[in-house]
Ligand SMILES: NC(=O)N[C@@H](CC(=O)O)C(=O)O
Ligand SMILES: [Zn+2]
């Protein structure tokens, strides 16, 4: 099967390319990238006015399988991924059982490859059952296919075990992804601690709960030499700590989510439980600092922290609802709305934070449109505008705070290994 993508604006951060070219895909690979390619008999995608990027990668997704299939399955999660323009996702180990052994890692990989939707790179647990007590068999996890290690969903409370985890992770050559939350400082809270939490009568989680752990983990990364990636940065203080760590040459990277650079804790007014997320939505100064961190390179990666829950679980009092919101199907629209159209990031910079940057962290090669590369491609229509309708999601999770928002700049075609796994009704394929 040959596919010709005609007249698109090619954005390839790896090759430093931003120009109009045709792309020919043959046998699952990019075979040519030139002006005015002709290919008789090829399926032709009219990409004029559209952006053609390497396949987007979301390095922080909760697929929920095995164990929590009422929230999401690998299949529904990956359908949501490709609809959101992602050709690959890294999934967090807080399943049931926890992905702390080879069996679960292999199960996820097998299930995902049988589906043939987006690629999946499982993240293995740092500690058994993510209980923060005993280390996992990290070399076994790596051999089974784990792309990084994390106890995400829970912090690693003890500094001693985190130190040993980093020592071993470094030896096996995997990045540690840290969910930074001091359990005592965060205890019992359900939103950002501040004026609004006081007015709403909800117990707050101070920014310090995150920052204390960001500081600790940076110090432990320096001590052990282990590459450290800070998940879902939400505060100004965390951005500053990561910036300082990078300036000192430490192997520290960070991600921010669309909800943390779009919303503040003001969104909690009205008690919509889809705004309940960990770390919580913060204040205006925090949102501004995250945008600054994205612009100056302090924050390397945009990841969704897609965290589906059932309606029943979320349809309760705010303080009893589980933390988490879905993000795969709104991510690109929010990136365009908050970062690209306002000029905070160029399209190429935004694409880099969703392709090559997470790919390098996870040790994945496929991140470019260079001839010879595997044809994982995302096409974005910067002028397509749609209203977010949770009922139209491919994800089982409808827990989005963006329902009813008009988003402009949306994925219209997702290709994995030369196969079109998602296309928007509006795109012209001949
Ligand atoms: N972010 C969340 O609020 N929830 C995540 C866990 C996590 O990413 O910390 C979940 O698994 O539901
Ligand atoms: Zn987390």
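Keep in mind that glycine also has a Cβ here, set from the backbone N, Cα and C atoms.
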Candidate from 94, 272 that TrEMBL assigns to the same substrate site as 62, 63, 64, 278, 309, 323, 324: 94
TrEMBL annotation, Zn(2+) 1 site containing 60, 62, 152 - matching residue among 300, 305, 315: 305
Pairwise Cα distance for residue 94 (substrate binding site)/residue 152 (Zn(2+) 1 binding site) [Å, integer]: 7
Under 8 Å by Cβ from residue 309 (substrate binding site), same chain, sequence gap 6 or more: 71, 321, 322, 324, 397, 399
Residue among binding-site residues 63, 64, 323 with Cα closest to the Cα of residue 179 (Zn(2+) 2 binding site): 323
Around the Cβ of residue 63 (substrate binding site), the count of other Cβ atoms that are within 10 Å: 29
Annotated binding-site residues 64, 94, 152, 179, 324, filtered by Cβ under 6 Å to ligand 2: 152, 179
Arithmetic mean of per-residue pLDDT over the domain 'Amidohydrolase 3' (329-422): 97
